[in-house]
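Below is one structure; the comments refer to it alone.
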Amino acid sequence: MFPALIPLIPFVSALLLMLGWKRLSRIAVTVIGCGSIGLSAFVAVLIAIQFAAGGEQAIVQHAGNWVEAGGFKTGFDLRMDALSVVFVGVITIVGFLIHVYASGYMHEEPDYARFFACMNLFVGAMLTLVMADNLLLLYFGWEGVGLCSYLLIGFWYKDPANNYAARKAFIVTRVGDTAMAIALFMLFQFTGTLRIPEILQSSTHIWSKGDPVITWIALLLLGGAVGKSAQLPLQTWLPDAMAGPTPVSALIHAATMVTAGVYLIARTHTLFELAPDAQITTAVIGAITLVLAGFSALVQTDIKRVLAYSTVSQIGYMFLALGCGAWSAAVFHFVTHAFFKALLFMAAGAVIVALHHEQDLFKMGGLKKQLKGIYWVFLVGCASLAAIPFVTAGFYSKDQIIWLSLSAAGGHTAFWLAALLGALLTGMYTFRLFFLVFYGDLKTHVHHRPGNSMMIPLYILALLSTIAGFIELPHTLGHVTLFSNWLLPVLPAVSVLHDSVAMEWTSQALSAVLALSGIGVAYAWVVWRPKGMSDFLEMPALLWLRGFWSRGWDFDKLYNILLVYPFVYLSRMNKKDLIDKLYTSLAALMQWCHNVLARTQSGLLRWYILGVVLGAVAILSVLIWRIYI
Amino acid sequence: MILLVLILILFFAALLSWIVGVKSHAGSRWIALCSLLLNLGIVTGVWVNHPAGTGRWWYQYRVDWVPHFGISLHLAMDGLSMLMLALTFFLGALSVLISWKEINSRVGFFHFNLLFVLCGITGVFLTMDLFLFYFFWEMMLIPMYFLIGIWGHEHREYAANKFFLFTQAGGLLMLLAILGLYFVHAANTNVYTFDYFDLLNTPMDPAMARWLMLGFLVAFLVKLPAVPFHTWLPDAHTEAPTAGSVVLAGLLLKTGAYGILRFVLPLFPAAAADIAPVAMLLGVIGILYGGMLAYAQTDFKRLIAYTSVSHMGFVLLGAFAFNEIAYQGVVMQMITHGISTGALFIIAGALYERIHTRNIRQMGGLWLRLPMMGSAAMIFVMASLGLPGLGNFVAEFLVLLGSWQANHLLTVLATIGLVVATAYSLRIMQKVFFGPCDRQYNMPDLSGRELVIIIALVIVICWLGFHPQPVLNTSQQNIDYVVR
Amino acid sequence: MNVHPTTAGMLLAGVLFVLGLISILVRRDIIFMLLSVEVMLNAAGLAFVVASSHWGTADGQVMFIFILAMAAAEVSVGLALILQLYHQLKTLDSDEAAKMNG
Amino acid sequence: MSFVDFLSLGPLITLSAAGVATMLMVAAWRNHRIIYSCTLIAFIMAMMAVIPAIKYIPHTYPPLLVIDEFSLFNTGLILVAGFIILLLSFNYFEEREERKEEYYILLILATIGALVLVVSRHFMALFLGLEILSISLYGLIAYLRARERSDEAGIKYLMLAALSSAFLLFGMALVYAFTGHMDFPGIGAALRQAGYLPVSVMAGFGLMLIGVGFKLGIVPFHMWAPDIYEGAPLPVAAFIATISKGAILVLLIRFYQDIHGNDYPMLWWMVAIIAVASMFAGNWLALTQQNIKRILAYSSIAHMGYILVAFLSGVQTGLEALAFYLVAYFITSIGAFGVVIVMSSSLQDAETIADYKGLFWRYPWVATVFTAMLLSLAGIPLTAGFIGKFYVVMAGVNGHQWFLLFMLVINSVIGLYYYIRLVAVMFAVPANGEQTTVVPALPIAGNITLVILTILLIGLGVYPTAMMQLIQQMMRILV
């Protein structure tokens, strides 16, 4: 079994779909599009088993050279180790489910083939990203997913708004990529290679802990990560990215691509361990982001934007975990988040379709009766997102992060408090959404019920987002550590400082209480006393605050004023290219000289004689001057 | 000998296609196409099985021309020249193909000029005698002037004159430098010769070396073009017919880069090293300034033209980074830029044929009508913003990787250029192919001929992106030499 | 005061020459212009004669003969042209003969 | 007078005889064709006469004349140029109704004057040659009596020429007064003896420079050039542009060499300033000029400037460059005028740019020739002009005249503009409206001449070696 097959299959199918274009029938497209992902999922599982059985550090396949120039050498080397297996598994399985769902969701779409081509391309690129053995190949995947995200956000290209969103996404992430590229240059400069394992093991020899160079490198890598994972300060693109079709939001902007940053940091964790400052920065960014995004999610009116902000916030948790050195916890949260966030998005998609592409929360409501199945899976998803204790996967993963943010080596009380606040907010916005959609009285009538192709993936994901939690239980209850053990060969165990059961209990209890109270507030807000609440919310101060939050804390405005407007203004000003003026004026000068001289050619004999005489006078006077003075 | 043949084929094909063109248009088209394909075949043949073990220079050919001055007809081919020639004939053949429908007036004379330009370019890439170099350098201008001036768009004469004067001014300075070098060498060795190999490592005092080097450099910077000598380029590219733009962007600019690699650095290593920071700075300014201008343009071809300014900045940056990785990147960049920009110009031309405007404000939503052209455009736009998997990425990455060793700050700025590139590249797609389609064009998508052209280009750019090794290996020897 | 005769002669020639120059500048009538040119030529001739007397050689005087001959030829052609011009312009004002300029 | 003397003066004597003969013939019987062919034969014989003379060089006629490689070379050059101009003349005058015959007499006389200048090494010979040239030129310029501009040009040239020769003479007188010599070597020796340059001699040189400068048409004595070119019959304009200037230039070189001009920086500076001024003035004036004749006049002013750069470089290469440039310049400008002649109708000369719009699509061949000539003037490869310019720049670099060279470069760029503008006009695509079907046939003789010139032009541009070697031998005696 070749690991190379896993990304190759989607790539090939993408190529087929592109070439096939209009000629392929819908069925064929569906088969190729979904089948390929299924196939690569299958292969992935096989290889995972083989890997688990083999028990070596990693399966590495060298699939040919890429660039080799003057001591710089990279190839298409694919690597299967514990970390990649987790990511590959999630990407392929969730990806497969989403594809199946999409085949139902998009079936009216005329440009069906293009959609699946891009989706497959994306999966291929994403797999390359997480399987890359050298950073250049990783960068290849990194940019590839960026491209696909661009293509899919702007999938409905007729609406300029979508294109702007797509462009924004690409450019903002590109800013991060630039930082990452520079990090690559530095790494090559110092280690002489871009192979990840070599870098990781040589790094400890090259740099001492806290060396400024490594700090710079780590920070630059972090820059790349925040770009892709929509963290502060580059988080602004994700909410707009919801312009894309819902399966896209589910796959790219919830489950997989946006967590690439998490993967990158986890992958290069050694470097971050060498650079404490960078690591703390990561944690701080995570903490701040999760709170800010939480507030923003609280006041959104567009169902998908709520989920988008919640995604940002959840990834904030992961970054927090990474910052605290709780590597496996971060990855664990990635897994569960992939499940329930994909679930939520697709469920939301189902609702949207049911209401004939209505995305405004306040035009929904009372759908509990209408859409039974979706109601239940949605509930499961929300529960998991809001981390309802004991039964949901979300609870275990998030709780682990909350606890470690306090107790881990890199932890801090402030982080802990932020995480708790986040838990409260999560509860509130999640169930505000839930109640708004399913309770209250019917506002828009349901015109179309989702078919099996859409429902079955939902059920499966619902199941996953419930049971997935049980592979890693805190030792207060059960103490199962399958997951972290699995990752142990790649990611070192977190070093817990003050490891007291009592404190852990309190932390868990607290988070649980907060989550539940959040739900309570949401219930009161939406269902129990909508009137009073709304009166309270109509207060001018609050009104402004809500606007401010819903605009994502006006980061867009800030960046526009600081960067976009100046650049656009300057370039518009200079459209004609000032430097050209230099030359045109030179030409004008020549013309002027011509005009002046042409006047001397008056045609009058006397003038000409005068010219000769003046010449004579000049020559003689020069003589006199040279000789006598 | 084979080298001379390469030039002569083009020369006679040029005359022939002119003569035949009077009678039959198709005839001259076919003659032009065949001659170029023939040359392409020869070059690829050379590439595949060049005499092994001959060291850096695969072929040499030398006869006296004006012994009185020590001028000889001295041609030689190494990896670099070979690559450039391959590019030349490839793009040349394509530009004949794209003119197939576009050029209907004075077809014979058109192909005469086209082939003559290519002939001159071939000479420039092959010659190892400085006089001869200048000779070809000047020789390719006139036909180019005609290509722009006769078959161009509205402001063709202005553009043609500008192009001509700029390049001539640069060229004359180079002439001074060449002669200066000639006499300096003669003063030292009493041997009066223009031969490249004799003039290499001529001992001279630093001040002299600096001036001579500047003489060469300016000529090449004008051609490259580097800010602030770039203003001829947008006009020329915009006004030229599609084939002209392709040849300009794909080949003529490369002669400047080639000149830097072939002459400036080896002839005046020390002086070049002194000027390096300034040159790199110019390169970076080019990258950012060009990008900014490109972002502002509303004329499709003009936009692409400014992207060339931006891309050639990388060449300048890498050429003066003085390390092998950067040089490899430069060579790659020369080739990939030729391909990608050429392709964009071809697409622009194809669009112009269909909707008779270059103003992107009047475009939009064309994807609906022209999905194939759209996808092609998407690929090359992505190439120009340096997407991995396409040739330009390899080139730009290597350049930056190399120049990072030389100068951190400038490299960072250049890398920021990638963001700018993203901005203007995506703008192309958005304004032209995406968005609402208000006007009801009904036009055919890519015809078979155009499809062949585009597919050829796509294959090449992807091949360069995924397996650039052959190219890198070919330029290897030469680069070792330059670095030394 | 006694000036060396050669110098004196030269000065005289110079003065004549300048006189001719001035008059050609101030005159507009072509005939007079021609005359003043003749004056200048003769000034040159005088200079030659003076010089030759200074060196006691005949060259200068031979030269003077040539000058006279040439002046004669010139005047003859000149007058012919002037006549021609007069037929066309009906005036001898040189400023009228300014059709070509720029 | 010995046999050798006869042989060495062969060309001169032949032409003089021819002059007399033609005069008598015209008196006897006017016939254009016959006189034309006689003149042709005379020129051919004169050219033949050069060959035997080669055997006996150097041969001097103390004190007046000297026949050496240099003068013989230029004699040949002038004769060939005259011959070609003669070829171009026939149709031009055939189409015009005036009496044609005297033209040929005057042409022969003018050529004689030029030849005398070339071989002279003495003030008297100089003066005689100059005046023979000038006076016959008065006649030639004003030859087309029907044309008002022709007379105007004649008058202007006469006045200015007389004035300048007055300056020249006075200058000579001053020099003579100090040195006591009128032959160049004598002057040189005397000055060497004196060891310095007294003000009177300096002034003398200055005044002579005016005389010479006027004939060369260099700033500030250039103003006549455009008017004369415009007014004169085209072949005559070609004659003035090439032969008269060339002859004077040759004289200047000889004089400069004999008096060891390089020893006196003053002289160098005077000429240098004039050279730079000429370049700029010429090119600026031509920049947007609409009349082809005037453009050629201005460009010739600029080219004189370029030539002076070679002249000033003060190295052997400089003189070679100068000679080569002269050859290239002769070919090119005669070619250019030839095209204008061929294009001119009997009614009026084709002198405005408008007459050449889209020429390439009507007369591809003529347009190609004209393009070649213009490119040669601009110094673009594959033409003699390129090699010439290259040679001049080479000389400049060799003599380290960096300042002059930069001026030259700048001016070449300015110059390019108007040459290329003309080319552009010729290639301008005619609008669909105008019909380009009916095109009158062009005179055969003229076309043949153009063919010859173009072949020479390209030949020198591609393989200049032979000419270079010839020139090198010719220049040997000057150092």
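Quick reminder: no glycine exception, Cβ is built from N, Cα and C everywhere.
According to TrEMBL:
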DOMAIN    B:128-416  domain 'NADH:quinone oxidoreductase/Mrp antiporter transmembrane'
TRANSMEM  B:80-100  transmembrane segment
TRANSMEM  B:107-126  transmembrane segment
TRANSMEM  B:132-151  transmembrane segment
TRANSMEM  B:163-187  transmembrane segment
TRANSMEM  B:207-226  transmembrane segment
TRANSMEM  B:246-269  transmembrane segment
TRANSMEM  B:275-296  transmembrane segment
TRANSMEM  B:303-322  transmembrane segment
TRANSMEM  B:334-352  transmembrane segment
TRANSMEM  B:373-394  transmembrane segment
TRANSMEM  B:406-426  transmembrane segment
TRANSMEM  B:446-466  transmembrane segment
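The stretch from B:132-151, B:163-187, B:334-352, B:406-426, B:446-466 that makes the most Cβ contacts under 8 Å with the transmembrane segment (B:303-322) is B:406-426.
With a cut-off of 8 Å between Cβ atoms, the residues of this chain six or more beyond the transmembrane segment (B:80-100) that come close are 6, 29, 32-33, 36-37, 39-40, 43-44, 46-47, 50, 58, 110-111, 114-115, 118, 121-122, 125-126, 241-244, 246-247, 250-251, 254, 258, 261-262, 331, 334-335, 338-339, 342, 346, 349-350, 449-450, 452-453, 456-457, 460, 471, 474-475, 478-479. Among the listed stretches B:107-126, B:334-352, B:446-466, the one sharing the most Cβ pairs under 8 Å with the transmembrane segment (B:246-269) is B:334-352.
Using a cut-off of 8 Å between Cβ atoms, the transmembrane segment (B:446-466) and the transmembrane segment (B:163-187) share fewer than three residue pairs, counting only pairs 6 or more apart in sequence. Here the transmembrane segment (B:406-426) does not touch the transmembrane segment (B:334-352). Their Cβ atoms form fewer than 3 pairs under 8 Å, with each pair 6 or more residues apart. For the transmembrane segment (B:275-296), same-chain residues at least 6 beyond its ends with a Cβ under 8 Å from one of its own Cβ atoms are 210, 213-214, 217, 221, 226-227, 230, 234, 303-304, 306-322, 403, 406-407, 410, 413-414, 416-417, 420-421, 423-424, 427. Long-range contacts of the transmembrane segment (B:163-187) within the same chain: residues 70, 130-131, 133-134, 137-138, 141, 144-145, 148, 193-194, 198-199, 202, 204, 208, 211-216, 218-223, 229, 231-232, 235-236, 267, each at least 6 residues beyond the stretch ends and with a Cβ under 8 Å from a Cβ of the stretch.
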